[in-house]
Amino acid sequence: ICEVELMGGWPLIFYLYGSMEIIFLICFYLMITDHPSDNRWLTKEEMIFLESSHEQTERKRKLSSIPWRSIFTSPAVYACLSCNFTFAFASSLNLNFLPTFFKEELSLPLSSNGLYTMFPFLSQLFFKNLFALSADYLKRSGRLTPTQTVKLFQAFGSFGSALAHVGLAFLPSCDRAWIALVCGFIFGLSFSSGVCGFFTCMMTVAPSYAGTITSICMIFGQIGNALAPNTVSFVTLMVPPPPPFRVIFMIGGSGTSPLPLHFPLFFILS
C-alpha cells in the first residue's frame, strides 16, 4: 500500500485501518446488546439458551467464592502462567523485530518486508482452526484424554517455536531470504498449536473460575509483551554493531522463550 500513489501511499495505510475500525465500531454498536432479550438478531431458541445458561452460571457463582489459595498453589496454574509469558514474549519479539531483521540483515525491499512479516501471523488464521478441529476429534474419539491432548499440542508448539527461532538465527541470508519465510511459517504453525495447549488448559483447569485464571494468565502475557522489545533494546545496547540478530533470535528460541522454560513445567505439572 505504501508504494501506491493514492493519498501519498503511507497516509493511505492509516486511513484504511482507521476506516476499518470505524466500520467495526458501527457494526458493534448495531449488533451488540447488554442482554440476550434485547438483541433483535438472535432467534428465540438462541435467546432461551443464552438466558438459561446465564442463570445457571449466576447460581453457581453465588454458591461459592473464588478459591484464591487453591489457585495460587496449583502447579497447573503456574504452568499456564509460564506458557502465557513465554508465548507472548515470542510473539511480541517477532512482531516488533522481524521487520528490522528483514530490512537490515536480508536487505528486503519494503513490499517484500511487509509480506515476510505478515506471513507467520497470516498462517495462524488457518492452523488455529485446523488444530482446534483436530484436538476436538482426538478427545471426542477417545484416542487421547483431554490432558494428553493438551500436552501433545503444547509439545509441538514449544519445540516448533524454538526450532523456528533457531532457524532464523542461523539459516537466512541475502541470497536465501526464502528460508526466513519458511521459518516464519514454522513459527505460525507452532504458535497456533498453543491454542490447543496452554490456552485450552486455562479454560479447563478449573472451568468454574476460568475467567479469573485467564485474567491472571493474561497479566503475565502482557508482561511478556512488554519485556520483548525492551530485551531487544538492551541486547542492542550491550552488543556492538551490527545489530545482534542471532543473539536476539536465540533468546527468543532458547533463552527465555518457548523451549527451556515452560514446556518441561507444563508437561510435568499440568
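The backbone N, Cα and C atoms fix where each Cβ goes, and this holds for glycine too.
Features as listed in TrEMBL:
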- 12-32: transmembrane segment (TRANSMEM)
- 70-93: transmembrane segment (TRANSMEM)
- 113-131: transmembrane segment (TRANSMEM)
- 152-171: transmembrane segment (TRANSMEM)
- 177-201: transmembrane segment (TRANSMEM)
- 208-227: transmembrane segment (TRANSMEM)
- 247-269: transmembrane segment (TRANSMEM)
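When each of 113-131, 177-201, 208-227 is checked for Cβ pairs under 8 Å to the transmembrane segment (70-93), 208-227 comes out on top.
Contact between the transmembrane segment (177-201) and the transmembrane segment (113-131) is present: at least three CB pairs lie under 8 Å, with pairs separated by 6 or more positions in sequence.
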